[in-house]
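Taking it in order: structure first as structure tokens, then the write-up.
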Amino acid sequence: MDPRLPAWALVLLGPALVFALGPAPTPEMREKLCGHHFVRALVRVCGGPLWSTEARRPVAAGDGELLQWLERRHLLYGLVANSEPAPGGPGLQPMPQTSHHHRHRRAAASNPARYCCLSGCSQQDLLTLCP
């Protein structure tokens, strides 16, 4: 056996080992996910209705449920903002004037889709949103 053979093997395998043992992308890497990219990532992490262990539901019903869940908080804020108190009845007290920046920040903190779009979400963040 030629003694140079193991040396050549190390020279050829060295770069492959560096790439294999180098820093791997972590699942905690935050990625900004907006719109349909957020929904696709959520379905990829949580699984879709076809893969769920629950009773099989039609795909359309699963999509509708996901969309309702994503927009639920936004709709609640819209209903409160658009409601008019009944005359003479107890109604919502007007909120003190706050800057647009604070309202925007508060809305982003309570809406997971908006948060992932603005700040980015890791795979672990998406897992916490699974039903």
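Including glycine, each Cβ sits where the backbone N, Cα and C put it.
Annotation comment: Swiss-Prot describes Cys116-Cys121 as disulfide bond. Taken from Swiss-Prot, the feature region 'Disordered' covers 86-105. Feature annotation from Swiss-Prot assigns signal peptide to 1-24.
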Local backbone state of Cys116 (disulfide bond), from DSSP in three classes: helix
Surrounding CB atoms that lie within 10 Å of the CB of Cys121 (disulfide bond), all protein chains: 23
DSSP three-state assignment for Cys121 (disulfide bond): strand
